[in-house]
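Going by Swiss-Prot, these are the annotated features:
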| type | residues | note |
| --- | --- | --- |
| BINDING | His286, His288, His290 | Cu cation binding site |
| COMPBIAS | 62-75 | compositional bias 'Basic and acidic residues' |
| COMPBIAS | 93-103 | compositional bias 'Polar residues' |
| COMPBIAS | 126-139 | compositional bias 'Low complexity' |
| DISULFID | Cys232-Cys238 | disulfide bond |
| DISULFID | Cys285-Cys334 | disulfide bond |
| DISULFID | Cys318-Cys324 | disulfide bond |
| DISULFID | Cys345-Cys355 | disulfide bond |
| DISULFID | Cys392-Cys406 | disulfide bond |
| MOD_RES | Tyr181 | sulfotyrosine |
| MOD_RES | Tyr349 | 2',4',5'-topaquinone |
| REGION | 58-163 | region 'Disordered' |
Amino acid sequence: MRFAWAVLLLGPLQLCPLLRCAPQTPREPPAAPGAWRQTIQWENNGQVFSLLSLGAQYQPQRRRDPSATARRPDGDAASQPRTPILLLRDNRTASTRARTPSPSGVAAGRPRPAARHWFQAGFSPSGARDGASRRAANRTASPQPPQLSNLRPPSHIDRMVGDDPYNPYKYSDDNPYYNYYDTYERPRPGSRNRPGYGTGYFQYGLPDLVPDPYYIQASTYVQKMSMYNLRCAAEENCLASSAYRADVRDYDHRVLLRFPQRVKNQGTSDFLPSRPRYSWEWHSCHQHYHSMDEFSHYDLLDANTQRRVAEGHKASFCLEDTSCDYGYHRRFACTAHTQGLSPGCYDTYAADIDCQWIDITDVQPGNYILKVSVNPSYLVPESDYTNNVVRCDIRYTGHHAYASGCTISPY
């Protein structure tokens, strides 16, 4: 019994030296994190940004030697075309193997090449290792990534962004008719110039403005508005003299005969404003420049006596190419830089804009004549002045107005 207890107590003590002397398997040190690798670089406002990653690096496929042979799984070597191989190099594996001692006597400070994980359909792993080793010997440095450039087209110093009708970056919310054609249909630089385009301000011939009588006849109507909503129009003297009395209040109403207008330049030259650019007037209410003292004049005449029954007013809107016929391109905008009307283009004024009316608050119901004159004072030379006036028959009932018989008249 005593012997059994002695064996149980002394047995573990005798095994301790044996366990200490036994060779222990060395543990591999923990893998150090791989080096950061630059993958993406871009430039913004003069600052260079880089995106670094620890992920695997994609190796593009290399061109193989056509005389190389691939070994089949059965051991026979035969010449056959090889398919591309996708290579991935892992930074963590490279750093771990570099610190592992070499069993074949290789110098410890000499790192092994990075491990590559590959996939190729139709080949065995042994043949893949041979191909990977050959590619490692002939592998060249990967090309540098191309420098990023600004994707926005270069702007011209002598051109304003708001004045280029072909600029797709132009802010055009204030005018829905601006840039309504495809902005990328820019004429080619080496092609023949279209009529009225690319000839600058020095052209042969003269402009010829012609108002559209049918456009006026189709959309003439009567509207009542309060003086509160006519404050901008009152600043530009678009109302009758009775609207400027001292006893007029904001909730008083005015009766307006509204009508649209569309003027075409059917001449061979640009219609440019009569005033120089430095003398254009800025109107803060309507947020545009007036480049002419009087572009149009509106009058309401008695049908029998041809006398003026409603006080007309001057309409000195800004000039621009609202739309053009097929084959012509817009070149002028309603800005402080360029204003005008190109040949083959139209300057359109809708009936619902300010000052596109005649104040008929003091006019009695009856038959009248609406007279719309374009370039009435002949401030800009034209090739023909006999087609600058439109006359329409107006029947006013006190609440409604009916337009008919609109034609072009020489007077």
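Even glycines carry a Cβ here, placed using N, Cα and C.
In the three-state DSSP assignment, the secondary structure recorded for Cys238 (disulfide bond) is coil. Candidate binding-site residues: His286, His288, His290. Nearest to Cys334 (disulfide bond) by Cα distance: His288.
Neighbours of His290 (Cu cation binding site) among the disulfide-bonded residues Cys238, Cys318, Cys324, Cys355, defined as a Cα within 10 Å of its Cα, are Cys318.
Around the Cβ of His288 (Cu cation binding site), the number of neighbouring Cβ atoms within 10 Å comes to 20. Apart from His286, His288, His290, the residues listed for Cu cation, the same chain places the Cβ atoms of Glu281, Trp282, His283, Gln287, Tyr289, Phe317, Cys318, Cys334 within 8 Å of the centroid of those Cβ atoms.
Of all Cβ atoms in the shown protein chains, 27 besides its own fall within 10 Å of the Cβ of Cys345 (disulfide bond).
With respect to their backbone Cα atoms, Cys238 (disulfide bond) and Cys355 (disulfide bond) stand 5 Å from each other. Counting every protein chain shown, the number of other Cβ atoms lying within 10 Å of the Cβ of Cys324 (disulfide bond) is 21. Within 10 Å of Cys345 (disulfide bond), as judged by C-alpha distances, the disulfide-bonded residues found are Cys324; the full candidate list was Cys232, Cys318, Cys324. With respect to His286 (Cu cation binding site), the closest of these recorded positions in Cα terms is Cys232, chosen from Cys232, Cys318, Tyr349, Cys392, Cys406. Within the same chain, the residues at least 6 positions away from Cys232 (disulfide bond) whose Cβ sits under 8 Å from its Cβ are His283, Cys285, His286, Asp354, listed in sequence order. Around Tyr349 (2',4',5'-topaquinone), a 10 Å sphere centred on its CB holds 19 further CB atoms from the protein chains shown.
Taking CA atoms as the reference points, Cys392 (disulfide bond) and Cys318 (disulfide bond) are 25 Å apart.
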